[in-house]
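One structure is given below, encoded as structure tokens.
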Amino acid sequence: MSCVAAAAATTYVHSDSNVQEEEDGGDDGDNNGDDKCSATARGARDGATMASVPATLLANDSSTSSSSTVKPCPLRAPLVVTVVGLPCRGKSLAAHKVARHLSWRGESAKVFTVDENATNETLSEISLFFKEGNNVAIIDGMHLTRASRQTVATFCCEAVFHHLLIEFTCNDKCLQENVTDTVQFYRQLEQNADWERRFRERNEHHTPQFEPCSPLEGPLITVNNSEDPMYHSVTARGVRGAIQTAILGVLASPVIRQQTFYFSRHGESEYNVLGRIGGDADLSPRGMKYADRLARQLGGPGSAPDSPRPKVIWTSELRRTIHTVHNIPGPRAAIKDLNEINAGICEGLTYEEIQERFPQEFAWRDQDKFKYRYPHGESYLDLLQRVDSVVQALLTNTDVLVVSHQAVLRCIMAYFKGVKPDDVPYINVPLHTLLIVRSYGYDFVVETVPLKVECVDTYRIQPKNCSTSRTTADALTTVPAHFDAPLTQQMSTTIS
């Protein structure tokens, strides 16, 4: 296709004379709802621009008359994110944090690491990545010059992809902390190299080349990085659509380089012993024993002097979690979003009772456990959205103990383990086990510590045969009278 933005790229790279005119220009009111490969597509919803085109170029170029056609960019077109900034500004940590969050929320995101700028080979890999059905590519490099960024912008325009720029800066204190942290990490890989000198020389070499991003280059997020939330700041221009807004939300929180989290289910409950789900049952005798053992592990009575001590403790609002942390010292909060998944009409039942009373419901849940929603209850998909705020709050802290429930912790652990949404319901989070999560570079390492207190096993493997011996019509006869609609009608919205 012939792309106006691509044709104008060279002119823009060598001239900023049109910046004020473009910023003062308004929408012509003739947008049909699709994005255009132009900075003037103000009505765009999910990635406003593919490549930059100053407004005066569009006005003066005969090829951009009202009769010409610029190919629209579909709302759900793939997104290319170009990371911009000098070395040791926190770019890579943030890029991987964004990719992890998007993948956890069901997008297909990947970080493409380049030394300085995206190459033709990089762009070819991204094209193939999108052809395979993925939708977010993050190019983690420096892209210090407008020409290097324009290469990516033109590629996006011609391929009809959304494009977002993220520029990273930081103050001198944060830069020195980043250099020190990066040096320590690389020394583990090669101890004999003088990494500090390498990074210092790399910064000195590239600093004169840096051309800050202009708003005319496309949708732009600028991050002034700091671990201190009082100094960390984010500004955005032209950001539109769910994915770009989600990225903005992730970047709004500072990236903490060294983090440790502690996760545990409540001690065994009276309902666990009976095989019943949900409810607000208290701890069983073995659950109380686990609570004492967990306290000795985390700074409570009988703990060793060097045992870890959480800075803050989060539980659900249910008795079994609150009583599990009763003897662990530290400030605490009972958080509604950490409550167990709502099983609706199945609350308090055993799986055998559910299968007997609602055989079709039981089969449907086994067929698609992630999307299945209990009638008048929740699905794992609902739960993943519910705990998003908890995960984002965790990432701004460290040394947090979270005591919650099986389904909730599956959703949270999926973030740290990088598990795809469909596999979330089958993550094994056993009772009476402490999970310690530590950051390591861009990733997280999960340590499993069984505390050796006997308990029931509540894990159900994914069944291979999800059929039921009773027909749907038979199943409908078991529906309680208080249902507002036939079961088949409810499930049409439940599993969508």
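Note that Cβ sites are derived from N, Cα and C of the backbone, with glycine treated the same way.
According to TrEMBL, the feature region 'Disordered' maps to 14-45. Annotation source TrEMBL lists compositional bias 'Acidic residues' at 19-32. What TrEMBL lists as domain '6-phosphofructo-2-kinase' is 116-219. According to TrEMBL, the substrate binding site annotation covers Arg265, His266, Gly267, Glu268, Ser269, Glu270, Tyr271, Asn272, Arg320. According to TrEMBL, the feature active site, tele-phosphohistidine intermediate maps to His266. The annotation active site, proton donor/acceptor is assigned in TrEMBL to Glu340. Look at TrEMBL and you will find His405 tagged as site 'Transition state stabilizer'.
When pLDDT values are averaged over the domain '6-phosphofructo-2-kinase' (116-219), the model yields 90.
Spread of the substrate binding residues is 14 Å (greatest Cα-Cα distance among Arg265, His266, Gly267, Glu268, Ser269, Glu270, Tyr271, Asn272, Arg320).
Excluding Arg265, His266, Gly267, Glu268, Ser269, Glu270, Tyr271, Asn272, Arg320 themselves, the residues of that chain whose CB lies within 8 A of the CB mean position for the substrate site are, in sequence, Ala281, Asp282, Leu283, Ser284, Gly287, Leu431. On a Cα basis, His405 (site 'Transition state stabilizer') lies 5 Å away from Arg265 (substrate binding site). In terms of DSSP helix, strand and coil, the domain '6-phosphofructo-2-kinase' (116-219) has 60 helix, 14 strand, 30 coil.
Every protein chain shown contributes to the tally, and the Cβ of Tyr271 (substrate binding site) ends up with 19 other Cβ atoms within 10 Å. Same-chain residues at least 6 positions away in sequence with a Cβ under 8 Å from that of Ser269 (substrate binding site) are, in sequence order, Ala281, Asp282, Leu283, Ser284, Gly287, Arg320. Counting only same-chain residues at least 6 apart in sequence, those with a Cβ under 8 Å from the Cβ of His405 (site 'Transition state stabilizer') are Arg265, His266, Ser316, Leu318, Thr321, Leu338, Asn339, Glu340, Ile341. Of all Cβ atoms in the shown protein chains, 30 besides its own fall within 10 Å of the Cβ of His266 (active site, tele-phosphohistidine intermediate).
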